[in-house]
Every structure is written in C-alpha cells, then in structure tokens.
C-alpha cells in the first residue's frame with residue numbers, strides 16, 4: 001500500500017442525449033471540440049501528473065520508500081548490545097510476560113534473598129505473594145541510613161489480557177496493585193551480601209526460625225533472627241522490640257570486607273561459610289547452646305579475593321569457592337591441611353559468581369568479569385597434586401553473549417537445563433541448555449546470527465546486581481538493581 005492516498009483523474013467529454021451518436025469529423029482538417037491545437041508543443045496533463053513532484057513517477061518513488069523502510073525493520077535491536085539513540089527509551093513487550101512489576105526501596109539493594117513461606121509450593125494463582133530480605137547500599141556519607149530490610153511483596157497480579165465479559169468478573173481479584181511492606185533493622189554499614197536460612201521449629205505448629213547472615217562493607221558478618229519481623233506482616237498489632245533487632249552474633253574474624261557467603265542447605269541448625277577480599281575463607285557453626293563458633297584456621301589458597309561461595313547440595317562437608325584469580329576451588333571441611341581438593345582455571349579474568357545445580361549435583365555454573373558464563377561438569381575435574389598448577393578443563397557449555405561483567409547466575413530450582421544470568425549490560429537473560437538445532441534450523445538465523453539458540457529471553461533491568469528464582473512459584477524471578485523487578489515470562 002502506498003504511503004499517501006492515490007489521486008484519480010478523468011478526462012471530461014461532451015454529453016449526448018439519448019439516441020444521439022457523435023458526429024463524424026475529419027480529424028486531419030478540423031480541431032476537435034476539446035483538442036488543444038498546440039498539443040505538440042507541450043506535454044499532456046496526464047504525463048505531468050504521472051511524473052510526480054520530484055520529476056519521477058510516483059510508483060518509482062514509493063517503491064524506493066518501501067525499500068528504505070524494510071532496511072530499517074530488518075535491523076534487530078538487541079538489548080545489552082545496541083545503544084539507544086538520543087531521546088529513545090525501551091519499552092517491554094508485555095505480551096511476553098505473565099507477570100511484571102517494579103517495586104522501589106529507599107536505597108538500592110546490592111544483595112537480597114527470597115524467604116520460603118507457608119503459602120504452598122507450585123503456586124500458580126494470582127495475585128501472588130512473596131517474602132524476602134535485603135541489605136541496602138546508601139550513598140557515601142549517609143551510611144547510617146543503611147538497614148537490613150525484611151519485606152513482603154503482595155498484590156503481584158497477572159498481566160492483563162483481552163477476555164470475555166463473562167470472565168472479567170472472575171479475574172477482578174487478579175488485577176490488584178503491587179504492595180511492598182517492609183520492616184527494617186538499622187545498620188551502620190552497607191551490605192555486600194545477604195543470605196537467609198530456615199530451621200524447623202521444635203513445635204510443628206509454629207513457623208520455622210528464619211536467620212539471616214549479612215556481610216557488611218565494614219568486614220563484619222551479622223547474624224539476625226528475623227522470624228518475628230516476618231510474622232509481623234500477617235499479625236496486626238505486632239510490635240518489634242529493640243531487643244529483636246539486635247544481632248544474635250557479630251563475627252569479626254575477617255580482616256577485610258568480603259562478598260562471599262553461603263548457608264549449608266544440609267545443616268538445619270546453621271552452618272556458614274564466608275570469604276573476604278584477602279582470600280581467606282572461614283567456617284562458622286551454630287552450637288547447641290545457641291551460640292556460634294568460628295574455626296580459627298581459615299581455608300587459604302586463592303591469590304585473589306574470594307568472590308563467591310557455594311555449599312554442595314549433596315555433600316554436607318564440601319563447598320566451592322570462586323575468586324578474582326580466575327579459579328574455582330572445591331574444598332572438604334574435614335581436610336586438616338586446609339587446602340583445596342580441586343582447583344581449576346576457568347577464566348583469564350575475575351570469576352564473579354557461581355551456582356551449584358540442586359537437581360544435578362555434578363553441574364556448576366560460573367560467570368566472569370569478561371561477560372562469559374559457562375557450565376562445568378565436576379566429574380571431569382582432576383584432583384590436585386602437591387606440585388600441580390590449576391587444571392584447565394573444557395566447559396560443558398560456554399556463552400559470550402554478554403559483553404559486560406556477569407553479576408549473578410542461578411540454576412532453575414526444578415529444571416536442570418534452565419539458567420538465569422544477570423550482567424552489567426543492564427540485562428537479565430534466561431537460557432535453556434537443552435536446546436539443540438539441527439543443520440536446517442541452524443541455517444535460519446533470522447538476522448541475529450550472533451544470538452545463541454539457547455537464549456530464551458532478555459529482560460532489561462537497570463544496574464541489575466543479583467537475581468533469584470522463587471522456589472515456590474514456578475518460573476517467577478526477582479532481580480535487584482535500581483529497584484526490585486518481579487516477573488514471570490511466558491518462556492519458562
């Protein structure tokens with residue numbers, strides 16, 4: 001279709017009465033009634049109109065305009081790769097989401113964790129509710145405004161879809177506005193990393209005890225019991241006392257700040273591993289008398305800062321560490337020498353993050369400072385010898401789609417082929433490692449040959465630092481950056 005309406009022109013003619021016929025004339029001797037005797041000296045009116053305003057036929061000009069338009073449409077905009085022009089903004093394709101909400105806090109949160117609740121597993125109804133803990137990162141010279149935030153997200157509705165009038169009344173409750181409720185524990189320092197751990201209560205009628213461990217910018221590890229804070233959201237009139245805001249323990253064994261911290265999923269009473277920028281790793285265990293004890297001898301071996309720690313999901317004495325020295329090491333806490341059992345060089349840059357699959361315990365995902373993330377099969381890693389340098393195994397899968405540092409990576413809680421990745425290019429991506437293209441499919445790239453077929457989804461999020469899957473709401477993700485983003489795609 002042309003870009004402007006076509007104009008129709010007709011040549012007029014003398015009207016004839018009924019039964020009359022045009023009179024014959026000698027065309028060579030006479031000039032017709034509507035004929036211009038100077039027609040040979042000028043172009044016809046039809047020819048002038050057909051040429052258009054620029055001297056070319058309209059059809060030629062419109063064909064060129066369509067060709068130019070097609071050139072623009074064929075340029076795929078890849079979030080995180082292509083840059084926006086002046087005055088341009090990104091808007092999500094809402095049809096690709098089942099749920100999408102943004103919730104803001106007084107200060108950005110560098111780290112957070114999702115807290116399991118009693119609302120049931122495999123929840124699919126809306127509006128959704130979830131609970132979380134987070135540590136704030138106030139700006140310089142306002143550090144005393146930091147806090148540990150205990151939060152409840154509610155009213156998380158499904159995306160609106162066109163529906164019949166008969167169905168609209170049934171879904172009114174699903175169209176609630178999102179609500180963020182919070183209670184805060186004052187901190188005097190920013191939180192680099194926070195993790196939550198739950199221990200079952202001795203009385204089955206009571207909720208589990210929820211502990212948090214926060215690694216602060218000051219180098220301390222603070223352990224809190226936030227069980228009453230969580231209960232306050234659903235118990236009107238609850239008052240949190242100053243005593244309940246005090247930490248159960250303040251651990252000061254680290255001589256520098258750190259970002260690595262993890263609770264063991266196999267020790268219900270509470271066992272914590274923490275690492276710092278000096279390369280030291282400590283184990284802290286809860287004692288029978290409700291106290292906490294830290295091994296005096298650290299695990300050492302990294303030549304750079306410890307960036308990430310993960311306990312094995314299947315072996316209670318084993319954990320892995322990732323470092324800025326480009327290595328991942330696997331440790332056994334029973335080792336008297338405090339040296340790593342396995343050490344591999346997985347990157348030439350800092351290894352920022354790591355995730356151990358809870359579905360397939362020999363799979364480990366890592367993310368590096370150069371934007372590359374990879375999946376490793378631990379069965380292929382060879383034990384260390386006294387004189388050996390770190391080995392360099394081949395990853396099961398490796399992707400360099402992101403061009404900025406990887407800031408978070410996490411396996412799907414129930415699907416061992418799905419991985420979520422966050423990066424410094426303001427994107428959060430979803431990947432399906434089970435996707436394999438045959439020869440014919442691989443030829444059709446759709447104009448985006450540089451995009452791996454395993455890439456399922458790209459979610460834009462400013463300054464995203466950390467992400468987590470919700471363990472009880474299948475496919476639901478939460479990310480933290482400038483604000484919190486809570487979403488579920490139609491892809492997972």
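In case you wondered, yes, glycine gets a Cβ from its N, Cα and C as well.
TrEMBL tags one of the stretches 94-152, 153-211 as region 'Disordered', and that stretch is 153-211.
Residues 258-267, 271, 273-283, 347-358, 361, 364, 366, 368-369, 376, 378, 381, 383-384, 390 of the same chain lie 6 or more positions beyond the ends of the repeat 'WD' (299-341) yet place their CB under 8 Å from a CB of it. Sequence-remote contacts of a segment are chain residues at least 6 beyond its ends whose Cβ falls under 8 Å from one of its Cβ atoms, and for the compositional bias 'Polar residues' (181-192) they are 105, 109-111, 134-138, 143-144, 146-152, 154, 214-218, 220, 222, 224, 226, 229, 232-233, 240, 245, 257-259.
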